[in-house]
Amino acid sequence: MARPKIALIGAGQIGGTLAHLAALKELGDVILFDIAEGTPQGKALDIAESGPVEGFDAALKGTNDYADIAGADVCIVTAGVPRKPGMSRDDLLGINLKVMKSVGEGIRDNAPDAFVICITNPLDAMVWALQQYSGLPPEKVVGMAGVLDAGRFRHFLSVEFDVSMKDVTAFVLGGHGDTMVPLVRYSTVAGIPLPDLVEMGWTTQDKLDAIVQRTRDGGAEIVGLLKTGSAFYAPAASAIEMAEAYLKDQKRLLPCAAWVDGALGLNGMYVGVPTVIGAGGIERIVDIKMTKDEQAMFDNSVEAVKGLVEACKGIDSNLG
Ligand code: A3D
């Protein structure tokens, strides 16, 4: 059987890291696409030359031609611009919406059967626009944010508790922005919910609240340190986890920006929710119960996402 084909649309910081991880994990052959001439070709060749040292079997090719993504099984989209210090994700909307149009059409014309993972910000609005422009089925177009946000939460919690990150699970809902909802009640250390750990004296409510806020600000913290762009190692690792779940039909329960129509009281929109990813793409939206306070935070986040989608429609009247 031929190896799966993984097309990476955008060969910048995240795109290059995605290519490296996909090759190291032997998920398939990699096509790196970018409008910048030389960048995808150079990165593909550089990573391919690490193959004999690392011992992986994967072919890598850089390109500026959408025809090369033909028949891709997975497309991961990072094309666009990242934020700089002082910018919010939402400041990127106008420029990245135009990029989603060309990328969506490129995928529609060349890789209509792919599972598409969007990373470009502002995430929830861009994945919606990408689905609209590509016309692919909504269950095959998804945004990466929840795995990253939950990863940040898990990292901070494991440091606070001094336990392995492997034993920390976390749940983050809502839009990928300041209104995201880290759900403390559903986050655990080996099954013990965080509120119980506060009662057991493992941490204090104040410390837990600070960790929740640091998670919400996790992207800005990295932007502030890097100064020239945004996070790329953890975002790439998170999207690769989603791609692997699809390619290997793992049925992983992962938080993603998915199309929700009916569950969680929502009628047709993209927002961060718990999903099951397998060979069918998004195979299930997990319709969890929320307390009144959690629901209020989620509703607030949903409204923020709706505002961004309206802003997209204001820019391109063909959308929606
Ligand atoms: P960067 O290193 O600038 O790479 C972006 C690449 O896109 C560049 O190589 C550009 O040449 C290329 N590009 C621009 N326009 C087009 C186009 N029309 N077609 C194809 N390629 C194009 O950015 P990055 O890799 O650091 O970040 C990429 C995106 O991911 C940004 O929008 C970030 O804001 C976003 N991001 C999202 C998360 C989430 O958790 C959702 C996290 C981190 C970054």
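Cβ atoms here come from the backbone N, Cα and C positions, even for glycine.
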**Request:** From Asn110, Asn121, Asn267, grab the residue that TrEMBL records in the same substrate site as Arg83, Arg89, Arg152.
**Result:** Asn121
**Prompt:** Which binding-site residues of Gly10, Gly12, Ile119, Arg152 contact ligand 1 in the sense of C-beta under 6 Å?
**Reply:** Gly10, Gly12, Ile119
**Item:** Listed in sequence order, residues with CB under 8 A of Asp34 (NAD(+) binding site) and six or more positions away
**Value:** Ile9, Gly10, Ala11, Gly12, Gly15, Pro40, Gly62, Asn64, Ala79
**Prompt:** Where the record says Arg83, Arg89, Asn121, Arg152 bind substrate, what is the longest distance in Å from one Cα to another among those residues?
**Reply:** 19
**Request:** For the domain 'Lactate/malate dehydrogenase C-terminal' (148-306), provide the mean pLDDT of the predicted model.
**Result:** 96
